[in-house]
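Listed in TrEMBL:
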type: DOMAIN; residues: 15-301; note: domain 'Sugar phosphate transporter'
type: TRANSMEM; residues: 12-30; note: transmembrane segment
type: TRANSMEM; residues: 42-67; note: transmembrane segment
type: TRANSMEM; residues: 79-97; note: transmembrane segment
type: TRANSMEM; residues: 103-125; note: transmembrane segment
type: TRANSMEM; residues: 137-158; note: transmembrane segment
type: TRANSMEM; residues: 164-184; note: transmembrane segment
type: TRANSMEM; residues: 196-215; note: transmembrane segment
type: TRANSMEM; residues: 227-250; note: transmembrane segment
type: TRANSMEM; residues: 262-281; note: transmembrane segment
type: TRANSMEM; residues: 287-303; note: transmembrane segment
């Protein structure tokens, strides 16, 4: 009986991790299927992202204002204008560029390019003054970059436009993560996945409406684009579910565990994408390059975890749990969300992330922790 009592929480934790991996991979593959001209053929990434943002913002509004599941934070106009708006702008950009990349390059290659996330985060953190240049970190960044270059060289269907979209989306997400630390942390503002969606999703929707009016609305008027309500509803629902699954995972695991789960998810996603989308071909050079990049990512994560433990050991004993809890919440909430990566929450899993909007906060945050500690979608 006691054995069952001990194993039940552990099994629940594994279930949440499995749910996160499945939903994160599912959102990415679903987005690719919807956007790809070879499949559902809805080549309007901004429109799809706006659907995610609008749906997530609406659900968050009902949870906060109608059902009062969580309470809104004390949000002044000054905080909204100086913090929420710029973060939402870069979040919207990361989702826009990340989802547009689906039109040009494969899911597998996108995942390989995402290994650049810690490089982008480190560069932005140094430029914004939240991190300092270090030889050990710099050497890891070089290793990651070399791996991505090798992987790109081995890509059979290499597309410059798609690669530029994805890399631009990665740097936009990295800047969002750093801004989340610089702006929200200074204000002492802590947002959970629901309140993040409540404040950021509507603002991101407004930002996305500008390029939508200029780029996609005219195309929708002159061409016959199929719109299936259940396809888009289920797609947005999966993105939202991803954000909440990240919330569940955060509450039961630590930074190391979820980072390992993120790496495992990337390998699974690369393998699945080649099965679901036969045109996606992985070469030996792709794998070698990605393996090199992952070595740099793992070493980078090890250094960051060691830094966190070292700083925690210098605090009074009674404050350590609170500090670790606070740092972890900040890391995960900023995208996963938070990465956005992508869906439509805040997860980085939207493409985005894959990774999706909030927690999109998400997955990207797992690997880049300058701030960072976040996906979209």
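Heads up, the Cβ atoms here are built off N, Cα and C, so glycines get one too.
As the structure is a computational prediction, the values presented were derived from the model and not from experiment.
The stretches the transmembrane segment (262-281) and the transmembrane segment (42-67) are not in mutual contact, being linked by fewer than three Cβ pairs under 8 Å (pairs 6 or more apart in sequence). Taking residue pairs at least 6 apart in sequence, the transmembrane segment (164-184) and the transmembrane segment (103-125) share three or more C-beta contacts under 8 angstroms. Mean model confidence for the domain 'Sugar phosphate transporter' (15-301) is a pLDDT of 90. Among residues of the same chain six or more beyond the transmembrane segment (137-158), those with a C-beta under 8 A of the stretch's C-beta atoms are 105-106, 109, 112-113, 115-116, 118-119, 122-123, 279, 281, 283-286, 288-297, 299-300, 303.
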